[in-house]
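Asker: Below is the structure I would like to discuss, written out as structure tokens.
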């Protein structure tokens, strides 16, 4: 039987108890409500105040808005009136049609709706001016608490509102979502699939209608039957076309909701229909099968009633599926499970989640087009061990989401262009270097790199080990990300970030004076001339000695070593604790310095006297310091310049402090354990000396 959504009055659902409350007080919704009831006050949310800061970040309201509680707007406010339905969603003076389309779709799935809109609240008994809504964010559910003060102008809600003026669940839901993202202005412009995922924790799937499979109608039918949320839109060629109205009443660049599918007999033919809703609550399709079109006159009243046909200008309309494919460009589906819509069976999916970051200078390597930095991206090992039932391969879905970009819009952040590539894993552990990607092609990749919040793809590969590389398209772009891997059989994933491993050589014994080289004899003469008979130099004197020697190294381009570097060198080599360096200590350090210079010259590929911060991981590893990404990020922040380059002085300073810290730890660790115990005095003493 064809599937058609119908409005059902929701049954009260228990409030989910695994959502984390988001409020600066640390108290739950119920604790805050009870506190207000006991004190006889109405809740005021200091985290999202009734002020312009909650409205806009780049402008001021053109007219003065007045924040009012529902009881100050109407005499008998209701939270939900006659069930939460798609007709409760009418767009206001905010360009968030994408959000409204998602909310309209949410009302078609009563179970999902009851999770997002808990029904333990209202304006009757227990009212305290406080409400809460739940949203999925990057692998967890958040319980967002708000007060019920809403922006109005002349006693009318300015933004989202219900067609029934005394119903407020949709307006309060919009406010909670605005709080989650920092302001109402942050909700301007977007994709319906973004909010759909936040309402369900589901998986996005996008279809370009002109490239859709032949059974596209059946795919949509199955999606609705499974409770998926569906949106659709018409592309624009330029900004001037945004929200332009076509002759047939459709709006370009505007988010619509798919609310139903059905088939009817019409003049001896079976016609496939699709029902679509405009969140404006008005402006509809005026072609065949529109509200007042002649096609309906040949349908019985019973059939019209079954299809829910009305001639009201409520924004919802039917159209022939063939017309839909002609006039719309894109369909977005948020599946509540990763099951393929082409598949008739449901599976139990295993899921693993990775939270990571692209950090400029260390892990923001860009796509494979940028070979010199691509290898520095986060690398995730995926082990597929079991074939799917009756299949030769292992099916999995990879969904890469960039985090918090909407909330960061006020700081100039936009959606980055993201994607991923999948490689066969070699028979070795550890972070793969540039040469691997130079000589190996990817086995699979995301369909495209695109500036959407999430990019997802479905793959089937033979059992084995693979490396998944999530990245932005361009290098040096920063963002946090969440990668979800869904697999039919249990898959093992591992972040290939390297563990800290320090390999320090034994300090060499002093060379007898009679065995010194000519260079060492020259050092001794220079050292004696600067230090005097005690043969000890201060940091200032060491600065003079090293710069005098290094300036003769024509292959090494640098201005000079800083006094800070020389102080750190003495801290590393000073065994007597007098703040000076003896000649034998200098000789030991000189051997070390020559090796470090050779490494620097090796990684100064353009002979500019600087090293790229992206090469630092390999350079430090060659020097005996295998470090994880987080520590590398801290080092880059401290030592790299604004162009992500390190000169020799920065490079040397970094190595000296790393070795000093490592040797101090070795001395203090008991039986070579991976931890030490320090009191506050010992800790400060150590940090001041490293």
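Positions of Cβ are set from backbone N, Cα and C atoms, glycine also.
So Swiss-Prot lists these for the protein:
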BINDING   81, 83, 88, 167  Ca(2+) 1 binding site
BINDING   284, 291, 312, 314, 316  Ca(2+) 2 binding site
BINDING   604, 606, 608, 610, 615  Ca(2+) 4 binding site
DOMAIN    42-337  domain 'Calpain catalytic'
DOMAIN    534-552  domain 'EF-hand 1'
DOMAIN    561-589  domain 'EF-hand 2'
DOMAIN    591-626  domain 'EF-hand 3'
REGION    1-24  region 'Disordered'
REGION    338-521  region 'Domain III'
REGION    522-690  region 'Domain IV'
Asker: Rounded to the nearest Å, what's the C-alpha distance separating residue 314 (Ca(2+) 2 binding site) and residue 88 (Ca(2+) 1 binding site)? Just drop the number here, would you?
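Answerer: Computed Cα spacing between residue 314 (Ca(2+) 2 binding site) and residue 88 (Ca(2+) 1 binding site) is 10 Å.
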Asker: Could you check what DSSP calls residue 167 (Ca(2+) 1 binding site) once collapsed to helix, strand or coil?
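Answerer: DSSP assigns residue 167 (Ca(2+) 1 binding site) to strand.
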Asker: If the Ca(2+) 4 site is taken as the center of the Cβ atoms of 604, 606, 608, 610, 615, which further residues of that chain fall within 8 Å of it by their Cβ?
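Answerer: In sequence order, the nearby non-listed residues are 603, 605, 607, 609, 611, 612, 645.
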Asker: May I ask for the distance between residue 608 (Ca(2+) 4 binding site) and residue 284 (Ca(2+) 2 binding site), taken between their Cα atoms and rounded to an integer number of Å?
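Answerer: Given the Cα positions, residue 608 (Ca(2+) 4 binding site) is 64 Å from residue 284 (Ca(2+) 2 binding site).
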Asker: Measuring Cα to Cα, tell me the gap between residue 316 (Ca(2+) 2 binding site) and residue 610 (Ca(2+) 4 binding site) in whole angstrom.
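Answerer: The Cα atom of residue 316 (Ca(2+) 2 binding site) is 63 Å away from the Cα atom of residue 610 (Ca(2+) 4 binding site).
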Asker: Which numbers of helix, strand and coil residues does DSSP report for the domain 'EF-hand 3' (591-626)?
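Answerer: Result for the domain 'EF-hand 3' (591-626), in helix, strand, coil order: 23 helix, 5 strand, 8 coil.
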Asker: Suppose you look only at the domain 'EF-hand 1' (534-552); what would the mean pLDDT be?
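Answerer: That stretch averages a pLDDT of 84.
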Asker: Compare the C-alpha of residue 615 (Ca(2+) 4 binding site) with the C-alpha of each of the binding-site residues 81, 83, 88, 167, 291, and give the closest one.
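Answerer: Comparing Cα positions, the closest of these binding-site residues turns out to be 88.
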Asker: Under a three-state reduction of DSSP output, how is residue 316 (Ca(2+) 2 binding site) classified: helix, strand, or coil?
Answerer: strand
Asker: Reported as an integer number of Å, what is the Cα distance between residue 291 (Ca(2+) 2 binding site) and residue 167 (Ca(2+) 1 binding site)?
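Answerer: On Cα coordinates alone, these residues lie 26 Å apart.
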